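Chemist: My questions will all concern the structure given below.
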Amino acid sequence: MKLEINKFNYNDPIDGINVITMRPPRHSDKINKGKGPFKAFQVIKNIWIVPERYNFTNNTNDLNIPSEPIMEADAIYNPNYLNTPSEKDEFLQGVIKVLERIKSKPEGEKLLELISSSIPLPLVSNGALTLSDNETIAYQENNNIVSNLQANLVIYGPGPDIANNATYGLYSTPISNGEGTLSEVSFSPFYLKPFDESYGNYRSLVNIVNKFVKREFAPDPASTLMHELVHVTHNLYGISNRNFYYNFDTGKIETSRQQNSLIFEELLTFGGIDSKAISSLIIKKIIETAKNNYTTLISERLNTVTVENDLLKYIKNKIPVQGRLGNFKLDTAEFEKKLNTILFVLNESNLAQRFSILVRKHYLKERPIDPIYVNILDDNSYSTLEGFNISSQGSNDFQGQLLESSYFEKIESNALRAFIKICPRNGLLYNAIYRNSKNYLNNIDLEDKKTTSKTNVSYPCSLLNGCIEVENKDLFLISNKDSLNDINLSEEKIKPETTVFFKDKLPPQDITLSNYDFTEANSIPSISQQNILERNEELYEPIRNSLFEIKTIYVDKLTTFHFLEAQNIDESIDSSKIRVELTDSVDEALSNPNKVYSPFKNMSNTINSIETGITSTYIFYQWLRSIVKDFSDETGKIDVIDKSSDTLAIVPYIGPLLNIGNDIRHGDFVGAIELAGITALLEYVPEFTIPILVGLEVIGGELAREQVEAIVNNALDKRDQKWAEVYNITKAQWWGTIHLQINTRLAHTYKALSRQANAIKMNMEFQLANYKGNIDDKAKIKNAISETEILLNKSVEQAMKNTEKFMIKLSNSYLTKEMIPKVQDNLKNFDLETKKTLDKFIKEKEDILGTNLSSSLRRKVSIRLNKNIAFDINDIPFSEFDDLINQYKNEIEDYEVLNLGAEDGKIKDLSGTTSDINIGSDIELADGRENKAIKIKGSENSTIKIAMNKYLRFSATDNFSISFWIKHPKPTNLLNNGIEYTLVENFNQRGWKISIQDSKLIWYLRDHNNSIKIVTPDYIAFNGWNLITITNNRSKGSIVYVNGSKIEEKDISSIWNTEVDDPIIFRLKNNRDTQAFTLLDQFSIYRKELNQNEVVKLYNYYFNSNYIRDIWGNPLQYNKKYYLQTQDKPGKGLIREYWSSFGYDYVILSDSKTITFPNNIRYGALYNGSKVLIKNSKKLDGLVRNKDFIQLEIDGYNMGISADRFNEDTNYIGTTYGTTHDLTTDFEIIQRQEKYRNYCQLKTPYNIFHKSGLMSTETSKPTFHDYRDWVYSSAWYFQNYENLNLRKHTKTNWYFIPKDEGWDED
């Protein structure tokens, strides 16, 4: 089926086919209340648009603002919206444009195709499948006869909240019992609900926005609608999962957020990181339930059909069945494949990634933002192909979705505020804690309303009642420990045919959908009939709004919310006229609107001590520098402690920033963490349910030998499954009770740090307004303030990174060291009972089994059940920390006492110990593995010195390790031939030193009497990034690793004192080549001996990132040109082969070219052929990632597969230079890195012309051409790659090669 989108205007005439007068499916008077009929437009086959407000589920028949507060803090109401013909036409055009955007990508077209073709299972009448009101809409013909047309989806305008979107299945039972049902969507293409990425993955955004930016983004209405379309798909297939959900505990603590239950259907539909919290047991039940439902429907409905018709032909395609009329059976394998695709591949996050749309990280918003309006019909604001991120408008890197864009109009939510009041239990508990100006001024007599420049004004507590108001969205979200309802861990008696569900059977996450073929699309029957069957059941009627209960709670002490309020500045304060003072007294800040609480003493002193009216730019600049330094130093501070035989890097100011831990150790947050662990961070320490298992049982009776053996094996496998299920339930409880609280703490931390930065901003603006120097300097100072704000925001980001590391490690520790061991105790009892059962069973069947087999099975049972199944740490949904923190690297970093690297264009110690660094004038920064690397050159002034301190001093008994990345250029001359020159040393007759000689790295460790020397093989000579790790166990040995592989070990037990007071010096000492240089990145020193496992993990962390890397190891970049070579044919690059007769040029490999090193070694030339441009990106940092879809351009022409000349299995790669020859130009780039090699593969997507393939090469002679190395897409390689000998089959491995100063071919 070729999907077509019909174009309409609202005033188009009724034609009875695509434009009708529709009777609303919800025609019940109870729900509809006489609404309609409405004009409806069939925009896609079986998909209709009705430009009317969706108001069928509103019991009050009222679109006005609710008279009571609701939980949705970002709702907006306008009862007059979508009333006029012009508004209805605008809505119609808006929805059509969004659908066209969805259709613009193959995945979106597949989704629309699936919805268009997915007719719900009809009823049976007179032996034939017959449509009912569950699959059709009714319309009024000119002769007043009511007829019916097929409809799978009806898209309406928004409901009461004009920025909200929702999906409703018409009937409640069919959405989940396998039948399926027509769906209605209420959709708002012009009114959107923004989201923020306060502590998300896209941190580099502040580098491209020249202002203090709140990272608030507008959703693309295409991704919003696709979310609803996924729900529609679930409804049409009858697999909507509404029986599994999290209930949120609103009564455990008084500061709990009021929140509706979160059904797992929403997590599956949204996808992303939170969907990882869904237990595999629940996934198993979802799949089993769907299979059981479909099996029942086939048996009880489909097999009662006796008449063949078009509907039956269609249903046999939609539901994979085997057999003949009256005896159909479910094709389980095909059904599971389709089910896995619809449930686990189709989701908003996956689809948004394919469309290069930024979506929020979590399904639940931590901070709802007021809605916005945008005219998406303006092609300069929103395009069909790129949405808001229009590259020609300069909106790359998601900048087009930033709320600061001019086309977004912010609209303040007009719903009543949902908040609680927190009041002191005793009226005089503290001095006037409520000082929010918008509230206290309403309660003060006019004669008391005075304006003063002094900052010590206070108001009596009796006047202000001492209460603060806290928004519902800021309260703690905690899941009920029993919210995983309907979890039944019991098992039937084990039989020979018992099946076992394992996690590794879950579907692969192929988000391209390119290999999924929904065959029912080719057999959609087109049926119009006047008489349809009516279902005798209640229509599904959702709840309109979630009402919020305003309450007052009374406290005896200050809370986190008081501390947050004390850091807030009222919006009414004019920063040009009123100076905001920072204070370390929460009481003062709460009682005075011109004071802000801050725990950062140095920064506060710098802010407060400067006189009003700075007189020169020099003083102003120095003041700004001091602010940045103080704020960066104080927010970057960490304390390292040992807890539970582990090392933890604590962010010490979190306690005084948010009033955490005082119940445990007042004023000593670090001590509180050391004593209580994560419980010091939690508002509520939850109980969790430890699942109780009864030992497995087996069937008895007459059994054959093979059946007995099968029962034992199935029981052992089922035991493993039960362990996995219990682990997953425990993980889900942790996510709901611990992880969600940590998310709230992180949101509070970000809010507090942002308010600290805002207080600084207000002071800078005040000083600028009152500047007493040369008036012409103000513009320069304003620019300096803007730059300062960016640096402050980066300090906030770094502080959040430290906080995330700290909190997630505690959270992980609680799961693995508190929860899991308790669960394992019960599981061991379960194993004991199971073992007794199996031993007894085997003994009873010994006469069937024989002595040898009986003994073997008992031994097998004993071995399996005496071995615990480890909890997989990688199964934890580490959400927002994925690209910041690798669990293993995090543990290593806690011992890190030096990390010399580059950040924000400066060389600094990134370890948190803030070493004193002196940098020579000829030290430079260059492109590195991730960001910037340090370039040490051959000149005398290219030197870095790090002063000795207590962290870097190692006694004769102190173990330590050194690890660093090095990129050493290939030699261009023989000046250093045979010369050893130093790279870095802490050496003065004794100490340690790292040198280079003939491209080999040398490690020295020496005291006054003894020394060792280890020389690496020739691994660092060829300009690629290599990880060198040197570990030292003072009682054993020193080991050198290269790229995680152990090179050599030497005994150092006889080496004693190696301490020197000299600095650590980086320089190319004794180097003879003034043009020589070396790049270093992340030079780290650890106060421990890293074991081999940690070294390997440290190296693998580099490859665990999803960056695609060029041949040197640097991240691949969009909009940059590269040479391309295949691993199979070094020295041959890509070129175009002109062939005009077909309007099509082939891409082939060039002739081979070699270069010779100064030492007479020959290599294939890397800079050969034509450069290839990687086109387009909506990535914030412009970097290419695994599974990205890229476009390649050679000589200014797109590369791809021509539709004019194709073969299903083998297709030549070419370009077009005309406008009539289409190319399939998308390549999916796949990460295939190995040690020392940074290659990738380029996958061409499946379409009607060709199968998916891998770009490869082949020496052949096509018709009319010579023998050449042709470049083509091979379906065979794609299908067989995983099973090939990869040392022999390297034709599909491609290197991207940029020109690099470390590799000279001139």
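Note that Cβ sites are derived from N, Cα and C of the backbone, with glycine treated the same way.
Keep in mind that this is a model prediction, so the values were computed, not measured.
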Chemist: Of the residue ranges 46-96, 148-198, 505-555, which one carries the region 'Belt' annotation in Swiss-Prot?
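Modeler: Spelled out, Swiss-Prot records region 'Belt' over residues 505-555, not the other listed ranges.
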Chemist: Motif 'Host ganglioside-binding motif' per Swiss-Prot sits at which of 790-793, 1038-1041, 1274-1277?
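Modeler: Going through 790-793, 1038-1041, 1274-1277 one by one, Swiss-Prot flags 1274-1277 as motif 'Host ganglioside-binding motif'.
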Chemist: Given that Swiss-Prot annotates His227, His231 as binding Zn(2+), state which candidate in Glu266, Glu288, Glu300 belongs to that site as well.
Modeler: Glu266
Chemist: Under DSSP, is His227 (Zn(2+) binding site) part of a helix or a strand, or is it coil?
Modeler: helix
Chemist: Using Cβ-Cβ distances, find the residues under 8 Å from His231 (Zn(2+) binding site) that belong to the same chain and are at least 6 apart in sequence, listing them in sequence order.
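Modeler: Once residues fewer than 6 apart are set aside, His231 (Zn(2+) binding site) is near Thr167, Ser183, Val185, Ser240, Glu265, Thr269.
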Chemist: Can you name the residues of this chain that are 6 or more positions from Glu228 (active site) yet have a C-beta less than 8 Å from its C-beta?
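Modeler: Long-range Cβ contacts: Asn165, Ala166, Thr167, Val185, Phe187.
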Chemist: For His227 (Zn(2+) binding site), write down the residues of its own chain that are at least 6 apart in sequence and whose Cβ falls under 8 Å from its Cβ; none is a fine answer.
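Modeler: Within the chain, His227 (Zn(2+) binding site) has Cβ neighbours under 8 Å at Asn165, Thr269, Phe270, Glu348.
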Chemist: With a radius of 8 angstroms around the mean position of the C-beta atoms of His227, His231, Glu266, what other residues of the same chain does the Zn(2+) site pick up?
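Modeler: Result: Thr167, Glu228, Val230, Glu265, Thr269, Phe270, Glu348.
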Chemist: For Glu266 (Zn(2+) binding site), just count the other CB atoms lying within 10 A of its CB, please.
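Modeler: That number is 19.
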